[in-house]
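**Q** TrEMBL feature annotations, pasted as is:
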ACT_SITE  73  active site, proton acceptor
ACT_SITE  143  active site, proton donor
Ligand SMILES: Cc1cn([C@H]2C[C@H](O)[C@@H](COP(=O)(O)OP(=O)(O)O[C@H]3O[C@H](C)C(=O)[C@H](O)[C@H]3O)O2)c(=O)[nH]c1=O
């Protein structure tokens, strides 16, 4: 059964990125005088999310200060998770880093602005580290994960690592001690 009101109209647009497997999904908003309705996720249409479009966990974060960086986080295999990242309030510069050892774009990054306004999500397969910088105050993000949280399998890259050279838009306002402590990648 198609995931739409009887018709075959897709509820999402897809934008490709320079990193294979990393996709930007744009939610279509069906507006009327009251506001809009949009489908946030649809397993049938987004079956390429993770293993088979299955959602294992949904997380929600609030980041209060503009300029804060969270990341760059990942889980090691076999817990390497796909993430569907959306910003419902505020705006963030969302970044994924290719950490697939055999990838031709290994250690390359791609960034997108996600905001409540632009209705965009980053669909990130396993094999990427993820992080973001807030571009406004009080940013709320929702993450869909295709695998459960596995703290013993957590890893991270330093968001300020010169080897990654991520072009963060703002001065860094806040980072957790844990994120600051991630070692730089040796040359
Ligand atoms: C990720 C996660 C964390 N936690 C606990 C662990 C800590 O006690 C607390 C905060 O965790 P952390 O400081 O890792 O939160 P963030 O720095 O926002 O990390 C997240 O943001 C970056 C950008 C991501 O991409 C990851 O999804 C996620 O790591 O929540 C859980 O209980 N379940 C979870 O799935």
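Backbone N, Cα and C atoms are what each Cβ position is placed from, and that goes for glycine too.
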**Q** Under 8 Å Cβ-Cβ from residue 143 (active site, proton donor), six or more apart in the same chain: what's there?
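**A** Same-chain residues close to residue 143 (active site, proton donor) (Cβ under 8 Å, separated by 6 or more) are 58, 59, 60, 61, 83, 84, 85, 86.
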**Q** So if I draw a 10 Å sphere around the Cβ of residue 73 (active site, proton acceptor), how many other Cβ atoms end up inside it?
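**A** Neighbour count, Cβ to Cβ under the 10 Å cut-off: 19.
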